[in-house]
Amino acid sequence: MRALGAVVTLLLWGQLFAVELGNDAMDFEDDSCPKPPEIANGYVEHLVRYRCRQFYRLRAEGDGVYTLNDEKQWMNTVAGEKLPECEAVCGKPKHPVDQVQRIIGGSMDAKGSFPWQAKMISRHGLTTGATLISDQWLLTTAKNLFLNHSETASGKDIAPTLTLYVGKNQLVEIEKVILHPNHSVVDIGLIKLKQRVLVTERVMPICLPSKDYVAPGRVGYVSGWGRNQDFRFTDRLKYVMLPVADQDKCVVHYEKSTVPEKKNFTSPVGVQPILNEHTFCAGLTKYEEDTCYGDAGSAFAIHDMEEDTWYAAGILSFDKSCAVAEYGVYVRATDLKDWVQETMAKN
């Protein structure tokens, strides 16, 4: 029965493999797995059940139980020979952030509450954010990807110039960068890793939402490696709790009016955010905490208490507010989901 023991060992790592049975699949003469007792008018079936390691879940057409048939094939009553898969769990941090806690002046993430947060460094050493959305893909902003590159640069030009870390400074290699086809309006790009990351309590994707969580007053959390009070990049991941703002007030703050012919693009920080139907704003907390340079690419994470799941309601695009301007600007995740899923499926 050594072959079955090998299956269990491999499954503990969240991987599923065909069973190598040797010359005699029916030979149970093994001290570690004695032959089961016989019963009158009955027989013994040889069964295996596939399970996944912690932070993975089984995706199967059947129940994950396979029986050895007369042809020495492991078969499931629904899926036949097709094996199930272990897929990464998303949005289920082992140590979620305390809802009562309150990056310019944010709190330190000491317990890994934001395992989807990645740190990206440009070829000239500038730190930005990225968000893990599967065990092989991340979202970030197009502006982050274009840092120190011309506007005509392609994803192939950009990918080799980036350094990317997940978890506690785990270096990962980038296979490709894919920019949104309308990235001047939808400030987003995708990063594909060369290898899938092992999902742990420190490295876990956040879920993309199927419904819109964005509503004025709704609170989300944003983590990041951006600049702090003294305008230096932090070496500790920080987070802040921010409310979704009234969109019209945000537009007036940056553009002086919601009426197109009356707009005056005079941002209080000297840089204009991209504001359109694909974006939403989040305001300062009462403690005047805010995001800042280097936090872009991070998720506006919202906890769905009914599902006990964390979703990326948006991706931070405009991180220049730094407690000077009143609002950070985010790309709506619901507007990205179709493009993200199609792009991942094709690549």
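Each residue, glycine too, has its Cβ placed from N, Cα and C.
Between CYS52 and the candidates CYS33, CYS86, Swiss-Prot records the disulphide pairing with CYS86. According to Swiss-Prot, CYS250 forms a disulfide bond with CYS281, chosen from CYS281, CYS292. Of the listed segments 109-114, 151-156, 223-228, 259-264, Swiss-Prot assigns region 'Interaction with CD163' to 259-264. Counting in whole angstrom, ASN148 (N-linked glycosylation site) lies 20 from ASN182 (N-linked glycosylation site) by their C-alpha atoms.
Same-chain neighbours of the region 'Interaction with CD163' (259-264): none, counting only residues six or more beyond its ends whose CB sits under 8 Å from a CB of the stretch.
Of all the recorded positions in the record (ASN182, CYS250, ASN264, CYS281), the one with the smallest CA separation from CYS86 (disulfide bond) is ASN182. For ASN182 (N-linked glycosylation site), the nearest neighbour among the listed recorded positions (CYS52, CYS250, ASN264, CYS281), judged by C-alpha distance, is CYS281. Look at CYS281 (disulfide bond): DSSP puts it in a strand.
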